[in-house]
């Protein structure tokens, strides 16, 4: 861990954050808005990577955790008019509870079955939103009266700060002894258990941490958008984007996941002139990376550094 | 009256689900691949059959054949361009190949979906049915096409059963699903078996796709739900168990039809999802699955 503060990765990340922090002084509000969303997405992807890359559990439903956080915060604000920060906090806590409820039975099953349980959770949440349309706004979306701020620069800094802090905590966690136990139990649960580690406890903890950050980020995102809808925080397609981001950036690197998310969103925007082909091109690039650079962006960079 | 209607409609839907899920479970059972581009292959077949009639002006039979052929080609492309490179890759650790196959086929499915949307728009397309008209079954007006769909599905599944249990190739496939290493020791080429399985899969998905296009219509938006429904049917029945997924297809098909008729079409998918959750909790390996 101490070695990290002198490593090249640390200085590169620090430089990136510092450069990113100065962006509001010379780029347009449009780019800031794009990056704000990308940063929140980065947190989704990092939280997912903690679960997959380290605990070895394929969570097909990251949007279940994101959606519960986002909708709880949005509904509380919409129904009771509570302050934004209280709503965000409660949203994150609701997401933790949801993650706990989902993880307890889901962790009993493995591999594809775990993936399916999480996927079903998303479909259930989606149905819930549509069926209880009075409360959730249904397919049109939930209107949220309050926003954190309308200043594009301030929103951008909040998102950047939130992503940086989350990245520091998640990365620190992944490199800590707890992270190592998680990695061991992901790769060989029997052996890790035989060494005396409580695997279920560790995986549950990973799930809760992942849920906390997903929910927090989801809640912040809806207060940035001013609306919560199935299409932006619950849909399976959003979850797919989160997973693709993490694999693209490099699984088991945490920081790479954020990189992948930013790439995915910015590339999608740059390709907007190509119209309907934008998603096709992004998916094709992602598929090529999966096939030829399975380590992802950061994985490829790190392994080159390790070799030289 | 309504009971009979539910019985007939539910049967047609269930048979179609069963056909769609059979190929999916066959591939998983033999090569351990969960093909998340499944929905895209089915839609590609239906759209090809539709395009054959409305763009190329072919008759419905050639259109249906073209649809199945397209599904076969796309299935082979999925295997050779996505699944095989991942399985043979040395840079991906073995325990992570599963998630890479999932991610890869998912991306591949999105690519097919987007291409279909680009060339043929997002609009829903209904393939002209091979048989037209309506018959009256004890007072229930039933489209002939619905009966045709059910019969074709049952026939194809029956043929598949004969192929797997009565022919040499089929027995090799069955053996590969039980013990791949044993098959290799007996001197059978495992990759050849995989190619055969993907061919069977392509044909099954193609027929299912074309029939779906005739029965309910498809659009590029159906890709995700189709994959999800095949996935949940297969998990409900037990991954890799063909008879399990047949039973599960009928359970899901009838649950959906009953809900749509008696409660509301809006809640159609909810009971099946609830059942899936309950089964996952009580019997995670599915109805007829092996651990």
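Easy rule for this one: first residue shown is 1, then count along the chain.
Here the Cβ of each residue, glycine as well, is placed from N, Cα and C on the backbone.
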Which range of B:40-58, B:97-115 is transmembrane segment in TrEMBL? It is B:40-58
Stretch among B:40-58, B:147-164, B:193-218, B:230-255, B:261-282 sharing the most Cβ pairs under 8 Å with the transmembrane segment (B:6-28): B:230-255
At least three Cβ pairs under 8 Å linking the transmembrane segment (B:64-82) and the transmembrane segment (B:230-255), pairs spaced 6 or more in sequence? no
Quick one: do the transmembrane segment (B:193-218) and the transmembrane segment (B:261-282) reach 3+ CB pairs under 8 Å, ignoring pairs fewer than 6 apart in sequence? no
Cβ-Cβ under 8 Å with the transmembrane segment (B:230-255): same-chain residues at least 6 beyond its ends: 6, 10-11, 13-18, 20-22, 24-26, 28-29, 34, 36, 38-39, 157, 164, 177, 271-273, 275-276, 279-280, 285-290
